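S.K.: OK, TrEMBL features for this one:
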DOMAIN    3-77  domain 'Carbohydrate kinase FGGY N-terminal'
DOMAIN    93-277  domain 'Carbohydrate kinase FGGY C-terminal'
Amino acid sequence: NGGIHVTDVTNASRTFLMNIETLNWDPLLLHTFSVSSDILPEIRSSSEVYGKVKCTSPIDSIPISGILGNQQSALIGQNCFKEGQAKNTYRSGCFLLYNTGINRVQSTHGLVTTVAYKFGNSPPIYALEGSVAVAGAAMNWLRDNMGLIQDVQTDTESLAQEVFNTGDVYFVPAFKGLYAPYWRKDARGIICGLTAFTTKKHIIRAALEAVCFQTRDILEAMNKDCGIPLTKLHVDGRMTTNNLLMQLQADISGIPVFRAQSQDMTALGVAMAAGSAKSIEVWDLNAHDREVVPSDTFLPTTTDDERNARYTKWKMAVQRSLGWATTKKSPDMTDERYRLLSSIPASLYLISSFGLLVLSKVLVQA
């Protein structure tokens with residue numbers, strides 16, 4: 001009906017079919033997956049006028065001028081436009097994006113290189129991304145499976161605050177393996193360091209700390225990849241209403257945590273992109289005096305020695321969580337080969353698999 005079929009670079013990058021360097025559908029990947037380019041949308045920037053709404057409602061003829069992926073939109077909403085700025089979204093899992101500017105940093109520490117955004121004709125901005133599989137989902141597990149709490153929003157904070165620490169208890173919520181930066185599908189959840197004095201309050205607090213430790217894992221990997229440690233972390237998501245969690249994050253990571261008071265940074269980010277589009281221009285993203293979303297600040301209260309000692313024990317707990325799940329192996333898959341493959345990062349495994357698949361097709365055709 002005269003409509004348009006378009007998407008932006010951030011959403012297209014999530015399909016594994018777009019070349020993040022050329023920002024076009026990759027012919028080799030399309031051939032590998034047997035996907036016709038005719039059924040795919042045109043790839044455009046994240047901020048431009050794509051067309052106008054056509055309907056009989058009051059929004060008829062209103063221009064559509066912003067398209068962004070969920071996490072990239074939150075990055076913009078948090079005003080992370082400078083290289084070296086990062087945001088973390090706390091939901092059932094965690095999603096941390098680190099702005100690397102126009103540079104595509106190829107991670108060697110288990111992170112993913114992705115497109116952060118592209119505004120109009122400006123060069124694309126890239127990011128490193130790390131994902132935590134289980135964050136808020138661990139709190140739901142404490143409620144639904146263990147019956148330790150009644151209400152996730154209130155009980156996790158109030159009960160955990162009744163103890164000064166975890167009593168040296170560590171909780172690794174690897175219910176379905178560990179994501180970045182470990183990429184170990186054979187990991188399983190463990191609670192270690194239990195004593196006769198351990199209570200449910202210690203376990204609840206350990207669950208909150210697990211979210212913070214997993215975030216620090218990704219921050220450490222980003223620091224190693226980029227060589228520039230973060231000076232602050234912008235946060236959003238439903239879990240950030242927990243003040244204790246935010247303070248623990250600052251204490252464990254050793255950097256200030258800035259919590260936006262707006263409940264939905266994703267909606268704000270795409271609104272900013274749409275408002276800044278050429279010919280719309282009701283929002284100047286480059287203005288030095290632009291209004292910044294009010295935020296709450298949580299400063300670290302621990303010393304380097306204290307936080308590093310606790311982080312060392314967290315790493316010990318992670319090691320104990322590995323190797324629990326066993327995957328059925330084919331007769332040709334020896335234990336040595338299995339251990340080798342399971343240690344390969346997921347991104348490297350996918351890339352090498354694509355290469356072998358393409359090579360096999362070329363040899364067959366030859």
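Glycine residues also receive a Cβ, built from the backbone N, Cα and C atoms like all the rest.
Tell me about the surroundings of these features in the structure.
M.R.: Broken down with DSSP, the domain 'Carbohydrate kinase FGGY N-terminal' (3-77) shows 22 helix, 20 strand, 33 coil.
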S.K.: Determine the mean pLDDT over the domain 'Carbohydrate kinase FGGY C-terminal' (93-277), rounding to the nearest whole number.
M.R.: 95
